[in-house]
């Protein structure tokens, strides 16, 4: 149960509140296709990575496995992806904190000021070594799952089948890809899961499967409920829409959203600083200074959470996704320990996955340029 909770806690976060906006732009039918496709793809990627961790041990992260099986150039690419993805994810949390705190305390600060204040407080917490512990993360995840269940139940009577059949424009059909990939990705948890379950390969496979599919099912129900109830209005400010559920529930959701953002920022902020220190050999002060990167983007007006998640998701797919497939292929052909579970995937299917990551990234870049 603990290993499953680790993966669910890594995948599920406050970013779930950005999913309906992306789904509303593309339309629910297109989003459903992306959901089903990416759930299978990410599930397979997680299992591939689990096999690599079983073969090579849990003492590395993706840059280390890339160095071991693909060489230093691949390791550098994985490291750059980790830094870029970290900055993007921290920017998502700053932007969400701005939204939730503005809803909780209207009139105290203007839009944008809450984000700056939240960044300052959370960055100081990271600098002083304040990190959430696993039990706190587990409790926060349980509350988030409960909050999603309450929202889905409250919205169920308002769902209109017509809203679920509306199609967005063709040019918007790529929008859910990066956002969903960002939301479903949980490879960082898998080495820790391996350490927790030990050498029990069957248990690791089962926990990876359950830990991946539960968030996917939750996301699908949540998006269907929000789109079914609000339709294209979900493109706007979701917390404001949820105010229609009643003030008490709304404030509880907003409060929890703010706490979830804080927890996520502390965990990722500490991981980001450690990555810069140990993989890029930054000094501790310089690594902390790099935490200003998301603030600079936020102050510059980069605050569209769905768009940021889409870009980060695109990077995860085209870099991390492709590297994991290549590392998995290389690990299987190398001499060494053969784990009790292996991912039985035809060579053509692995090429198809890499083609999906690269092709979808190209389409998303093209959509930004148009």
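Backbone N, Cα and C atoms are what each Cβ position is placed from, and that goes for glycine too.
As recorded in TrEMBL, the features of this protein are as follows:
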- 33-54: transmembrane segment (TRANSMEM)
- 75-96: transmembrane segment (TRANSMEM)
- 116-134: transmembrane segment (TRANSMEM)
- 141-159: transmembrane segment (TRANSMEM)
- 165-187: transmembrane segment (TRANSMEM)
- 208-230: transmembrane segment (TRANSMEM)
- 250-273: transmembrane segment (TRANSMEM)
- 280-300: transmembrane segment (TRANSMEM)
- 306-328: transmembrane segment (TRANSMEM)
- 340-363: transmembrane segment (TRANSMEM)
Would the transmembrane segment (340-363) count as touching the transmembrane segment (33-54), if touching means at least three Cβ pairs under 8 Å and pairs must be 6 or more apart in sequence?
yes
Below 8 angstroms Cβ to Cβ, which residues of this chain, lying six or more residues outside the transmembrane segment (306-328), approach it?
15, 18-19, 21-22, 25, 41, 45, 48-49, 51-52, 62, 65-66, 69-70, 74, 77-78, 80-81, 84-85, 88-89, 91-92, 95, 175, 177-183, 185, 187, 343, 350, 353-354, 356-358, 360-361, 364-365
Six or more residues out from either end of the transmembrane segment (141-159), which same-chain residues have a Cβ under 8 Å from its Cβ atoms?
5, 8-9, 12-14, 16, 218, 221-222, 224-226, 228-229, 242, 245, 249, 252-253, 256, 260
Near the transmembrane segment (75-96), which residues from the same chain, at least 6 beyond its ends, have a CB less than 8 A from one of its CBs?
14-15, 17-18, 61-64, 66-67, 115, 118-119, 182, 257, 261, 264-265, 268-269, 271-272, 275-276, 279-280, 291, 293-295, 297-298, 302-305, 308-309, 311-312, 315-316, 319-320, 323
Would you confirm whether the transmembrane segment (208-230) and the transmembrane segment (280-300) meet the contact rule of 3 or more C-beta pairs below 8 angstroms, pairs 6 or more apart in sequence?
no
Mind checking which residues reach the transmembrane segment (250-273)? Cβ under 8 Å, same chain, six or more beyond either end.
13-14, 17, 83, 86-87, 89-90, 93-94, 96-97, 100-101, 103-104, 118, 122-123, 125-126, 130-132, 136-137, 140, 143-144, 147, 151, 188, 239, 242-243, 284, 287-288, 290-291
